[in-house]
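Q: This is the structure, below, for whatever I ask next.
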Amino acid sequence: MGNLGSRNHTTKAKMQIRQALIVCGVLAATIDYGFGCQLSEFMCDTGYCVAMDKFCNGNDDCGDKSDEPPYCSPCNRTYHGEVGRTYELEVRRPREDRLPFLCYLNFTAAGGKYGDIIQLTFDTFTVGKFVSYTLDGCPDGYMSIRESQLPDTGGQWCGSAWGFTVYYSETRSINLTLTLSKLSEQGIGYNFDFKLSYKYLKKSDAHLRYGNSTFQTWRGQMITGSYCDRILDQCDRKLCRVQSPNFPGAYPRNVTCYYRIEQRTVPKNKRALIVVRQPNAHKIHIKDQVINYDRSQRTLRVWDQCNVIQDYLTVYDGSLATDPVLVRLCGGDAVPDIVSSGPNMLLEFHTSAFDNPFHPVPLSYLPGFELDVEVLFVDNKSPSYAKNTSQCEFFIKPFNNTNWGLLDSPRHSLPPNTSCKYHFQGIGHQTVWLSFIKYHAASTDPNAYHLSNQCNARLRIWDKIVSLKNKNKAETVLLGEFCKEQELPRLCDHALLGNDTRHVRPCTAEESYTSSANELTVEIYLKQGSVLFPLQFLLRYEFVDQTTERRQGPSDAGPAACSRSLSTGSGYFGSPKNVFFYGRGGRRNLTCVFVFTPGGPDERVRVTLSRMHATAADAFPCTTETDARTERTRCVYPAVRGDDDDDGDDGVAQARLTITHYPWPDIELPVGCACSSLRSPLVFESYPGAAVRVRFTVLNMNVTQDHRDFGFAGEYAFVQTPSAERIGCRAVRDRRRLRGPGGVIALDGGDGGNGGNNGVAAAPVAVSGGTDHCAGHPWLIEPATAGSSMLRTGGFVYLKLRGYEILPHRWRTNSFMCPTRNRVIVYTGAEDGPKSARVICPYDAEATYHALGSFEVFSPGWTEPLTGAQQLQPNSKTVVIEFLDREYGSYTITWMEVSKMPRIMPSTNVNAMSSNVHPECAYRCPELNACISSLFWCDGVPHCPMGFDEDPVNCADRNGISLVYVSVLGGTAAVLFTVTVVAAVVCLRCKACSRRAADGRRRATGSQQKTSGTGAGEVAGIDRTMHFVDKRFLDQNGGIAGGDPLGKRYPSTSDDLYLECKDSVC
């Protein structure tokens, strides 16, 4: 007994100790301080601590079976765990007598080492049977999950599932409920088998959901009282993501989540557009159909294809569910850009009430979705967006002198059955030039989105045609319609290769569209919307000014249609603004001619050039300067590129503006030239009835230059003249058109233009008749007509004027050692167009100078033969003379008609000269190698430069003395005289030798030396005076080349008339 009492006492003490230990263990498990089990552990009766998932798992983990009490169940318990460990839990099939079966499992993350997020992995799942996604889908039993602090959704999972199905909690505590109301016979419709593993995660380790420390994901602000509604704002400053609930795990059932994205702060004159996208295909998988096998091909499904399960994501273009729907999608694949048309976008995520937790493999496909958010800012007045997508219509017009631009497809997504029209409307005579630089239409393969093979994206181009009969009536013509991916509009895709340093050629007519009037329309139609079937393009448009007589297009062949002919009224004229005339429109050179022809003989043309601009294409541009010789403008090209009077065509882009006038209808004379900006307006007024031509030329343009680089502007007016002035000018014009064998033109200056018929009033780039009735009108000298004998060898004009030519390179100053400010301009030229000018400094007819020279000139064709085209020109051999009167002076111009001498055998025998006279050139000027008219032969006035036509020998026949008699008598007299002189000299010398040999011989020698020296000096002096020859003229016209040291009276020719030393005492 004692022992029994002692044993009982001992047993009692042990039980007290055990009770104390249990209390301590419970306290330790409760507060997790000091010794005892942790929050995630179960304390055995032995005091040993095991993991909480070991309770009622069918194994004696405690050793005393305290973790496996009779009739135990893992249900109705709260489970904790430590981060980094995985726990397993299995709920066994209940007995039929315990139906309906109800099991509650709570999983709580206590924070810290016990984690912040719960992960549930369903290893085995069979709960009841699955019937439908929408109506009473789980009749025998189901599983539901409820997040703490969130409303109950009522969603249910049931049926059998396999694969890797994971659920991540949104909160720190979740309640999992298993309900089973009916059991099936084992082996036949077995309907309960549940096993899962769970673990606890730290929030900082959930990178897929929350990002990392460097890039933290902003999921939006949760709306209080809702399950998953969120607001995301200021996503231009945050890394915003739209995620399905419980992402990246299985999303809950029977939920509707609204994600409102808005941008409240927008820069001035900008509009915000919201963009959502997901380029990573594995980050989106929204159930779209029942599939119980591996699916390697995934795709996005849209619209009605998402009605099978009714899990879908709907995107609204606005902040309300009543706004237009951009797309409704499900399935899994990369999501293209979905862009709103304004600063608000609403996303609606809807799930069905019933489902089985099946997740298809591969495991890399994450259930649910995640979308990236971006904010775009576009110009507030840009056609890149439509304020109202139901009326997607844009009107593009010229704005602030900007006639071109780039236009791309709408930056935002368009809802289904949307049509967008772009109306390009020019002003007045403008046309529209359209070039597609990029174009892409999404594939219309019906297998891509399981749609019918139809035109989901269509492009149309319309042209507005104005009726010629009724200009108020217009009709549209379809230029092109493109639907399939293989159907492309005209593309100018090489324009993409251009940049700031590389310029590409312009788009041709085969690569662009040009309207026939001032309007062109581009229309796009999207049947399924633009999210999955985008139609993207980039085009360049330009409004082209077509104010010329004929419309011009890109790559039009032939001359530019910018020339104009005007005959009445007044107005403005200038360079064209049509881009097709310039390098940017495909041309390299441009020539525009403006002809102003008076409607009657009593009208003058007044032309005023007010502005000109030409972009300097190199470091040595052409400049507009005033020619000091004529006080008219000229184009000056730098010496590094050529002479001052060069045309500048050396491959460098440059413009040139020239003015010419027609004193006679078929004679064109230059007036002035400009190639850069003008210091002052250029004004020119023509003679009554005379036409004026303005020629604008641009050479060597590159592909970037147009009217902004080269151009000019001017005014014109046709002015009436009094009848008396018209009659006087006509008389002057007729009187100064000279034709015949030759003549003399007397020029008198100094009366301010009132010096009779020869006066002129000159002004810079201006010629005006004033009250003197066209006194400044030039002279026209024409060679023989068809009835003249001169045509047998070709008629030419020979002109001579005392003075010298002031060469073109001396245009900068007016000194030139010239004794007068008056100038004579001689115009010659055989080409079609204005004649070339030569400026002469004249010598006064009454003045005497130490060295007088003469300017001599032949009409074209004398020194160089004319080409066939030049010979066809009716005025190729004419010469025009213009006198610029600036001070008193009298000048004389002599001219005559000449023809070339026929070739004869050369002879040095003077006596044989008469036999060498050609029958067709009996009257000639040997120093000119020219035949002249018989009227000038021995008329008392020298016409040949050396006076050969007035030589006494040549004129003897005309004076009645035979040339033979003169020769015989002269020869006889010379012989007698010679014999007498020789005899006398012999006699005298003999006598002198006999009388005074030494002295007489010295005196005779000194006297002969003195006499001989004096005679040579006089002859030399006479020879220098009489034989002044203009070396420049003779060299030019076939005379003395290189100079004759003996100074012959007549230059050496093919017909030598005199021997050397003819005029000497020899």
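Any Cβ shown, glycine's included, is placed from N, Cα and C.
Owing to the predicted nature of the structure, the values given are computational and were not obtained by experimental measurement.
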Q: If you follow TrEMBL, the disulfide involving Cys62 connects it to which of the following: Cys37, Cys44, Cys49, Cys75?
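A: Within the candidate set Cys37, Cys44, Cys49, Cys75, TrEMBL assigns the bond with Cys62 to Cys44.
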Q: Check TrEMBL and name the cysteine among Cys37, Cys72 that pairs with Cys49 in a disulfide.
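A: In TrEMBL, Cys49 forms its recorded disulfide with Cys37.
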Q: Have a look around Cys49 (disulfide bond) and count the other CB atoms within 10 A of its CB, chains all included.
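A: For Cys49 (disulfide bond), the count of other Cβ atoms within 10 Å is 19.
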Q: Write down the Cα-Cα distance for Cys62 (disulfide bond) and Cys49 (disulfide bond), rounded and given in Å.
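A: Just about 8 Å between their Cα atoms.
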Q: What is the total of other Cβ atoms whose distance to the Cβ of Cys37 (disulfide bond) is within 10 Å?
A: 21
Q: Which secondary structure state does DSSP assign to Cys37 (disulfide bond), in the simple three-class scheme?
A: coil
Q: May I ask you to report the DSSP-based helix, strand or coil state of Cys49 (disulfide bond)?
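A: Assignment for Cys49 (disulfide bond) reads strand.
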